[in-house]
Amino acid sequence: MLYHLLYPLHTHISFFNVFQYITFRTIYASLTAFLICFLLGPFTIRTLARMQIGQYIRELGPQSHQGKAGTPTMGGLLIVFSVLVACLLWADLTNRYIWVTLAALAGFTTIGFIDDYLMQIKKRNKGLSARAKFLAQTVLAAGICLLIFAASDTNTVLLVPFFKRVAPDLGLFYIVLGVFVIVGTSNAVNLTDGLDGLVTGPLVISFVAYMVFAYVAGNAIISNYLQVIHVPGSGEVTVFCGAMAGGLMGFLWFNAYPAQIFMGDVGSLSLGGALGTVAIITKQEILLTLVGGLFVVETLSVIFQVGFFKATKGRRIFRMAPLHHHFELKGWAEPKIIVRFWIIAIALALIAVSTLKIR
């Protein structure tokens, strides 16, 4: 909105020329989202507590988590609100990718909201059935992919990190890949959200990494130099990623250990879905497994645990899955697990960004 209102004035007042720069608008989108979460955080916590919207703890989870019962949840709505406002203020609203990312965010927010709402009604840690949730996510992800590929300049080539000459064209199968990436990321982030601030930090790191990828993909000169796929218009997604990172940092102020508020499924499902959507738009789908390596490992720990348990009729690989619960039961303090996982996320993101130059 500010871009459309103020940038046209640059012919009269040269200062407003700064609104043409994506970097400038990304910085202020990030600050806007951060301030919204930071300033509205206490009000949100009080409101959720007054409405008795508290976290229900999984009965089979670690006993140490029982003390978290009743902590205000569904705080992800605050993050989504901050991102929406920041994008409406600072993004180019004529850019189709901004609306695709916001649509993905809104769609997965709706699924997460219904899931959390049902938990509050049932008064237990059980919302939508796994089948209903997966079906809703798949339909939504397919719609998002169709929106992305509706553009005439859409590229269905898959960029393979480290190999500049390996770029298979998947054709229509790319939509299947896109659905898998979006739904998989949404659920992986949801599984990782099990400790205070555990998923918030890596999400900040992931969106900062994709700020770089979006800017590079949207710039014809830089993308050609680095030999990555140029996606016209995708540079504006940098503003969206900046808003995401800022909103998450503002939320982390209250979500850090000991958490005063949880994001709930309305947060984890929506933010994961948005991250997967950004990966598709920027043509960095494979790198998401590295940037979000922590989410991948947490998800695989659950898959291996369940598979091994069924195959061996009761034996386990880990003391408990997802992986962070395994370390809890080994006696690691919660803050230590969180910080160490953050360190791993930072290292993985740095390696991922470095692949832009390693080809």
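A Cβ is built for glycine as well, from the same backbone N, Cα and C atoms used for every other residue.
According to Swiss-Prot, the feature transmembrane segment maps to 21-41, 73-93, 98-118, 143-163, 166-186, 202-222, 237-257, 261-281, 286-306, 336-356, an assignment based on sequence analysis.
Only sequence-distant pairs (6 or more apart) were considered; of these, at least three Cβ pairs between the transmembrane segment (286-306) and the transmembrane segment (202-222) are under 8 A, so the stretches are in contact.
By the count of Cβ pairs under 8 Å, the stretch nearest in packing to the transmembrane segment (261-281) among 21-41, 143-163, 166-186, 336-356 is 166-186. Here the transmembrane segment (98-118) has Cβ contacts under 8 Å with residues 73-74, 76-77, 80, 83-84, 87, 91-92, 126-128, 133, 136-137, 140, 143-144, 147-148, 182, 186, 236-237, 239-240, 264-274, 276-278, 281 of the same chain, all six or more residues outside its ends. Highest Cβ contact count with the transmembrane segment (143-163) among the listed stretches 21-41, 73-93, 202-222, 237-257, 336-356 falls to 336-356 (criterion: pairs under 8 Å). Under the criterion of 3 or more C-beta pairs below 8 Å, with sequence separation of 6 or more, the transmembrane segment (21-41) and the transmembrane segment (166-186) do not qualify as touching, having fewer than 3 such pairs. By the Cβ criterion (under 8 Å, sequence separation of 6 or more), the transmembrane segment (336-356) is in contact with the transmembrane segment (202-222), since 3+ such pairs are found. Within the chain, the transmembrane segment (237-257) has long-range Cβ neighbours (under 8 A, six or more residues past its boundaries) at 22-23, 25-27, 29-38, 41-42, 45, 75, 78-80, 82-83, 86-87, 90-92, 97-98, 101-102, 195-197, 200-201, 203-204, 207-208, 210-211, 214-215, 218, 263, 267, 271, 274, 278, 281-282, 334-335, 338.
Within the same chain, residues 22-23, 26, 189, 192, 228-238, 240-242, 244-245, 248-249, 252, 271, 275, 278-279, 281-284, 287, 291-292, 294-295, 341-342, 345-346, 349, 352-353, 356 sit at least 6 positions outside the transmembrane segment (202-222) and bring their C-beta atoms closer than 8 Å to a C-beta of that stretch.
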